[in-house]
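What follows is a single structure, written as structure tokens, with notes after it.
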Amino acid sequence: NQVLEMFDHAYSNYMEHAYPADELMPLTCRGRVRGQEPSRGDVDDALGKFSLTLIDTLDTLVVLNKTKEFEEAVKKVIKDVNLDNDIVVSVFETNIRVLGGLLGGHSVAIMLKEKGEFMQWYNGELLHMAKELGYKLLPAFNTTSGLPYPRVNLKFGVRHPEARTGTETDTCTACAGTLILEFAALSRFTGTSIFEEYARKALDFIWEKRQRSSNLVGVTINIHTGDWVRKDSGVGAGIDSYYEYLLKAYVLLGDDSFLERFNTHYDAIMRYISQPPLLLDVHIHKPMLNARTWMDSLLAFFPGLQVLKGDIRPAIETHEMLYQVIKKHNFLPEAFTTDFRVHWAQHPLRPEFAESTYFLYKATGDPYYLEVGKTLIENLNKYARVPCGFAAMKDVRTGSHEDRMDSFFLAEMFKYLYLLFADKEDMIFDIEDYIFTTEAHLLPLWLSTTNQTISKKNTSTEYTELDDSNFDWTCPNTQILFPNDPMFAQSIREPLKNVVDKSCPRGISRAEESLGSGPKPPLRARDFMASNPEHLEILKKMGVSLIHLKDGRVQLVQHAVQAASSLDAEDGLRFMQEMIELSSQQQKEQQLPPRAVQIVSHPFFGRVVLTAGPAQFGMDLSKHKAGTRGFVATIKPYNGCSEITNPEAVKEKIALMQRGQCMFAEKARNIQKAGAIGGIVIDDNEGSSSDTAPLFQMAGDGKNTDDITIPMLFLFNKEGNIILDAIREYEAVEVLLSDKAKDRATIFKGKMIPNYIIDSNLEMENMDQKSSESDAHKPNSEEAPSDSQDAGAVGEEPEGGGESSAVGDPDPLSAASTASASVSVAEEDPHTSGPAEASAPEPACTPGDSQPQEQNTQTEATSKAHWDSKVQPMESILADWNEDIEAFEMMEKDEL
């Protein structure tokens, strides 16, 4: 009864506040219409302006014995839903949710009609819509491999000029391998074999491309070549339902080849991926090597699949481990580590754990699983329920909500929870006559003997020999699972009761504390911000002191005796461990090379190059060789943490902002919204410099950052001040953001180049030849100290390229502009050899050298004239830079 009441709450709010929109936004009580809300990236590919939630909920209404509501819903779908929209949707999501929803609705509609009380008017209208949609998905299969494109335009297909899709090269294994149930059912229902043929061809291709030595498949595959793009393998996101559909295709279609394939893969999964109670991703070529140290929540379906397979012990073990994580955090986080800490904190009300709970209860009859179901119901009502429905969890640690209620919540969650508690008399039909798709839609088992237009002959390669034990317990299985031992399941669960508590002392989700008036949940390393006074106060309580280093980094030290209590000391220790793991993980995840900010406007003209830290989001400058060029503008507010108040000054420019107060990704979104074409974040720690600090990378905010498309770079305080000083002196300052400094010929291609640059280019080669001789004889040339010489001769970049060093240049401006180890000089002629080469035995010039100026005076009198008006101001700026110089490093020309 509770499940029915909860379903009514969610469904009625969707119908009242959202229909005919695809989904309900439960916090703002309105419908989510694609294009009218900010893009959420790939998540929105499920939305096609076809009343997604209503179609996805059709057969749930019948399972929950709401036949009148079902009849009304079917009439609405037939009357209102349009499948011919000019919109790009995910082939995978549209198949499992919309095609599956229409077929599930049709399956139960004909069942009700046959019973004689309801749906007497129904004449296959949902099946006609399903067939129409099937034809709209077929253009996606227009590839040589038979693997479908990941997206298709409902109106224009894939290759059409107006389709706005068809350029993708990769798809996930589950995306291509989760079609056979719906497509085969459509063929069997309609007698049109093409759908089943296409789905079989895609499955056959994946099977052919499995890694032969391990019998595993990767996460992502190239749809044209069949090469594995991501070579990690698991049972979670990206692969999950491929395995599910191999076994269920055998159950529904009766084709033994699907069972043989499933068992081959299952044998590999249990050999390599299953590390009870964990399921860890491995590399397909090196299956003994773990690919990552965390698991995603989608693998929660796997115990249910193991029940269908008949392998109960590991199903009980994994399910129990997942339940312990849920008890810790109220919900299953999107991803969690092997020691059961939160990795990704969101939870979009996924139903996979409820699905496995239902299957385990059906297999064992153990009332323990009813208690698990009761916990799920209580947590949904306590933490996710809002006035207009149920809201996804933005962070399971804090209990914050997200304004989304996905269609699968109504399609699956309430179906599995109702079936878990329902007795036979609560059902108006026998659920055992149907198989569940991955979206929990119902397909009748009698399809296996209907319209068999496909030969069952196995045309793919021979299968691995497996012993008969692989088949003993496979569904359908008539043996009693636990003869004479009702305590069997409990004996497997018992050792896992404290597995989470032992690994994760006092986890974050102190359920009652976070909601009541008790103390707040402890601070997590991932949430910590050094600029947040509240966080600093919490650190103090935990006995953690914070030291600001000169280079802008923060050092943390914990003294347990200084903590407010032993519990706070324990939290402090955990916080420190998390911070160490987080720091190490971020370094491993993405070590990007340094980037360059090159000042290209007058009077710099590309000679001044600043070492910049990259961002792990936004435009990848290594893939955009031309870089991003534009004038710089300072934003208001300067920290960029709220809406930009001077968008007119920022539009089509590169925005300058200060570090601190909020996440880097938030700054990027704000300036992008204001029309900026790029962003430079300047460190707020006075005196920090790439001379002394390791390379700094700007991390994302832990969410999807695909919406950020502009390039973002980070400058330490000293380098940032060079640009700010230039703005004060010259007002209009133009810079080039790129992966590495460009030579001036590239920068000024097709533009007027000042005469003195042309002059100095002509003289360059001549002077390079003279420099090695004159260095030794000029009386005013000073030698660098020996330690500087060593540094210059090695020419290495500390910390993986943390700084770009200066090199000698005979031009007066260039020579002066080399006076900072964090300022680099772009070479004028890539073919010129001389002082800039790393092979030189010692630095060409040292701080204080007047030799290049003297040479230039003697050989370039003409170019000097062009600088008369600007010499004094430039010299004063460059003199400031000179103060900080300690040594030059000799570098390769392309390593500025």
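Placement of Cβ uses the backbone N, Cα and C atoms for every residue, glycine included.
The feature active site, proton donor is assigned by TrEMBL to E93, E334. Sequence annotations record features per position, and here TrEMBL assigns active site to D240, E352. Per TrEMBL, the feature Ca(2+) binding site maps to T438. Annotation source TrEMBL lists compositional bias 'Basic and acidic residues' at 767-781. For 804-825, 832-847, the entry in TrEMBL reads compositional bias 'Low complexity'. Per TrEMBL, compositional bias 'Polar residues' is recorded for 848-862. The feature domain 'PA' is assigned by TrEMBL to 635-722. For 767-872, the entry in TrEMBL reads region 'Disordered'.
Location within the structure of each feature annotated in TrEMBL.
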residue	record	Cβ within 10 Å
E93	active site, proton donor	24
D240	active site	25
E334	active site, proton donor	20
E352	active site	24
T438	Ca(2+) binding site	25
Euclidean distance between Cα atoms of T438 (Ca(2+) binding site) and E93 (active site, proton donor), Å:
11
Pairwise Cα distance for E352 (active site)/E334 (active site, proton donor) [Å, integer]:
12
Taking only the Cα atoms, work out how far D240 (active site) lies from E334 (active site, proton donor), in Å, as a whole number.
15
Do you know offhand how many angstrom separate E334 (active site, proton donor) and T438 (Ca(2+) binding site) by C-alpha?
18
When DSSP states are grouped into helix, strand and coil, how many residues of the domain 'PA' (635-722) land in each?
20 helix, 15 strand, 53 coil
